[in-house]
């Protein structure tokens, strides 16, 4: 539906007034979906393909309880205020059963707070912030993607095995970068009290002055570096670091760098041997993933990115919640979502009852270059369940009542 | 940095690094200095183009970043296809030429039509173009980041004092001064350059002496865009090419131009070096400084040197932003009745529309007030602010603090919240009203960015970029209908109050300072005090709008005082018509309704919105309301033919068809004295 709308708007500008009143057939469940499609197409396009595939598969099998799932998807233009407007439209005008989606942490939080206020079920897809399930968690919000804490825990475990003692960090100067560094430092220092933190750099997101940052890191003579930058910042940092010899004889541990979204642009300039979290779709040999990969490539003639997994998993999770609840009432959805099991390309996951976090994990491996392309090698799947604090500990992190 | 046994969050790392660890050798300082110079060169290339364009045409070229980005994309395509030494360097130059050609085309097709529009109106056109380019590059080149080839022959690093310095950095360090020298020769040793310098100093005089301004402007614009494209193309060996490149540079480049002094290429060079070196060394002591550094530098420079480092005091403004040849009049009895009817009709909306439409209407009401407050400052005061979102955002934060920290009820928060905006306006306004023109605008931008970075960084209080949640209306106002009525009432009262002020003695005094600073001071008006008061009034109403906005959305984020919000305000004012008394209200309604509808309907909202803005700019060069007023005035003239001559005279003067050449470029001089 979106493609049709998009075309009509592009070609006829104002002439066409949206065909919003989609058939309200009785055998339908409407799902509202919001994401930063225009602001972050590199991540959200594969994400959209992922959920489209999931919906197609679910409906091909007869939908949920004989009802077809219909997704009404909205763009949030990368702004929390627009996301709240979109959520309002989905809930008040379209009458959706639940809302899902979002990428940025602050947008995820804004929509989660909206869900709490309006008492709507919200399945957050991608926002990484720990706050969405912990300090600002609420009854109505669940989250699929492995959180900041979980990814930090997976990487800290690997980092502790390294001999390096002098560590420096570089991270984008906003909540995601700050909490990634803080959790990583805390967990690594706990495992290895002998470690020293010798420098930290906080370039603004999207505006890294990579040469100066690389040089500053060099001057602190670290033995290992934690990197949290991604996207264009990562490209610049890697290029400057390579040229200036920053990564020579140093270990680097890096968040998200193994995701095709961030690794592919680096091509043959991909630094070798970084310990990263990511998604090596080319090396995963499980029956669940094979089936997903085949279906995805057949439908889109493209390889999946991590966003595809997230989009696919999100709609599978939504369908599982709807099936378990046997209803579209919010209370029943919330009750059903606690402890619901979902089959994903990464295997079976569970949404924990206490903090509403799924146990979806991530692959941890090392970067390498194969045929002029950046890849992850020696990848191992880390089950998210093993990298979350216990449910008792987590209870205290969430607002009471 | 206590080690906490249990996970506690949100976790932020506030303890600074142990700086003693860094090896602070001479070698390191030299290399870091070189690194700063390389960054400065990249910045200067783009900034010099902007400076030249502004100096001559007075266009605030918002699209400069878009051309920088286009340069990078085109260069990526060319260097990807044609490899090798000549493929690469040829690709870079050709890319810059292609982009310059596109720029020249834009100038001929679009900007030429609107040189006669009020000042700053061209900003609106270039803003529309920027929006379109952002979507177009994704459509053409795809959403993924592109990484171009490294420069042949300049791939590696050179050993300097035992440290590796990228060869490409050294190339940039040499290129920067070369371009500076080239421009100097061009401006001082060619006839064309002499004309450009003359036009920078006094456009009207150059026009009066019979120079063909049309082609002078086109060639200057093309040169400026060439430099932007070149700057972008030269980034591909060290940067990734993305659709966000324009945003990452445009503001910074503006800041550099203003620090250097408008129209001064050497000033831009010095400013680029200053900013880059301060950043290169600043991050050693304050790793988080980059986010706000350029704005801090600009604020400091402008407070000490109101026209930038090498800028010169401008002559008295000849065409103040809000100059209207048609005298403003309060509404007639009939007009008042019509307005009352419109408001009453708006009040009936909850009986005919659904909840979603009501929240959208409430949002439009909030923005109408925000736009009206900015319009008051820009039109009545002649003070264009590029940072008006600061007071909107501070009002929103004020309301959020009152609610979440002090547990105030909603009404209390709505009353107290805006006070934070007022406080900000009092403080920032005091500095800003010492400046004028674009320097004033840029200082407001600097303060807005400083306020933004405080909201962004002061995590303990503001929640940082994760914002403050849970600012929902009290139960009595939580239904969309009630909240809409509340927003409508507050907005209408605010807009009426601003209108009353326009026609009060204070309003007349303010208009006097706008039309002639010298004469108004001569008759005893305390210019800076009157303008300061206007600044605070505008900030107050923006703060009220912000507080309402907080409750409408339920949460407050640094976005609320960020640049895009300020730009939205400007767009609304310009779209409505800067020479009108209340055009901003119409501009806000049109712009906001369009934006919300488009975002809801398509992923290409920026492309469509940008195209609509460009069309509106061409169709209504005086803004929507300005156009309507012209139409009415013309009709009245016709109706009055044979009537009282006294009444027709002013109306005739306003008719755009009068062909008297009453364009801003050759406008009747407001001031004889220079």
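Using N, Cα and C of the backbone, Cβ positions are placed for all residues, glycine too.
Here TrEMBL flags B:642-674 as compositional bias 'Low complexity'.
TrEMBL lists B:641-674 with the feature region 'Disordered'.
According to TrEMBL, the feature transmembrane segment maps to B:59-76 (among others).
What TrEMBL records for B:88-111 (among others) is transmembrane segment.
Marked as transmembrane segment by TrEMBL: B:123-143 (among others).
Among the features that TrEMBL reports, transmembrane segment is placed at B:163-187 (among others). Non-local neighbours of the transmembrane segment (B:163-187) in the same chain are 27-28, 31, 34-35, 37-38, 40-42, 44-45, 48, 52, 150-151, 153-157, 193-194, 196-197, 227, 234, 237-238, 265-266, 269, 272; each lies 6+ residues outside the stretch with a CB under 8 Å from one of its CB atoms.
If you look up TrEMBL, you'll see B:215-237 (among others) marked as transmembrane segment. Here the transmembrane segment (B:215-237) has Cβ contacts under 8 Å with residues 42, 45-46, 48-50, 52-53, 56-57, 59, 61, 64-65, 67-76, 79, 91-93, 95-104, 106-108, 111-112, 115, 148-151, 154, 168, 172, 175, 179, 192, 195-196, 199, 206, 245 of the same chain, all six or more residues outside its ends.
The annotation transmembrane segment is assigned in TrEMBL to B:337-358 (among others).
Annotation comment: TrEMBL describes B:411-431 (among others) as transmembrane segment.
Beyond its flanks by at least six residues, the transmembrane segment (B:438-459) meets 10, 12, 14, 54, 60, 251, 254-255, 258, 262, 288, 291-292, 295-296, 298-299, 302-303, 306-308, 311, 383-390, 393-394, 397, 424, 428, 431-432, 465, 558, 561-563, 566 of its own chain at Cβ-Cβ distances under 8 Å. Marked as transmembrane segment by TrEMBL: B:438-459 (among others).
Here the transmembrane segment (B:483-510) has long-range neighbours at 328, 330, 343, 346-347, 349-350, 358-359, 361-362, 365-366, 368-369, 372-373, 375-376, 380-381, 414, 473, 477, 520, 525, 530-531, 533-534, 537, 541, 544-545, 548, 551-552, 581-582, 585, meaning same-chain residues at least 6 beyond its ends whose C-beta is under 8 angstroms from one of its own. What TrEMBL records for B:483-510 (among others) is transmembrane segment.
Annotated transmembrane segment per TrEMBL: B:530-552 (among others), in sequence order. Counting residues 6+ beyond its ends, the transmembrane segment (B:530-552) has Cβ neighbours under 8 Å at 359, 362-363, 366-367, 369-370, 372-374, 376-377, 380-381, 383, 385, 388-400, 403, 410, 413-414, 417-422, 424-426, 428-430, 432-433, 471-473, 477, 483, 486-487, 490-491, 494, 497-498, 501, 506, 509-510, 513, 560 in the same chain.
Outside the transmembrane segment (B:572-595), and at least 6 residues removed from its termini, the chain residues within Cβ reach (under 8 Å) are 118, 120-121, 123-124, 321-324, 326, 328, 360, 363-364, 367-368, 370-372, 374-375, 378-379, 495, 498-499, 502, 605, 609, 612-613, 616, 620, 622-627, 629. Under the heading transmembrane segment, TrEMBL lists B:572-595 (among others).
Residues annotated as transmembrane segment in TrEMBL: B:607-628 (among others). Among residues of the same chain six or more beyond the transmembrane segment (B:607-628), those with a C-beta under 8 A of the stretch's C-beta atoms are 110, 113-114, 116-118, 121, 124-125, 127-136, 139, 571, 574-580, 582-583, 586-587, 590, 594-595, 598, 656.
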Would you mind listing the long-range same-chain contacts of the transmembrane segment (B:123-143), meaning Cβ under 8 Å and 6+ residues beyond its ends?
59-66, 69-70, 73, 76-77, 106, 110-111, 114, 241, 243, 246, 250, 567, 570-571, 574-575, 604, 606-607, 609-614, 617-618
Close approaches to the transmembrane segment (B:411-431) from elsewhere in its chain (Cβ under 8 angstroms; 6 or more beyond its ends):
299, 303, 387, 390-392, 394-403, 443-444, 447, 451, 471, 474, 490, 532, 535-536, 538-540, 542-544, 546-548, 550-551
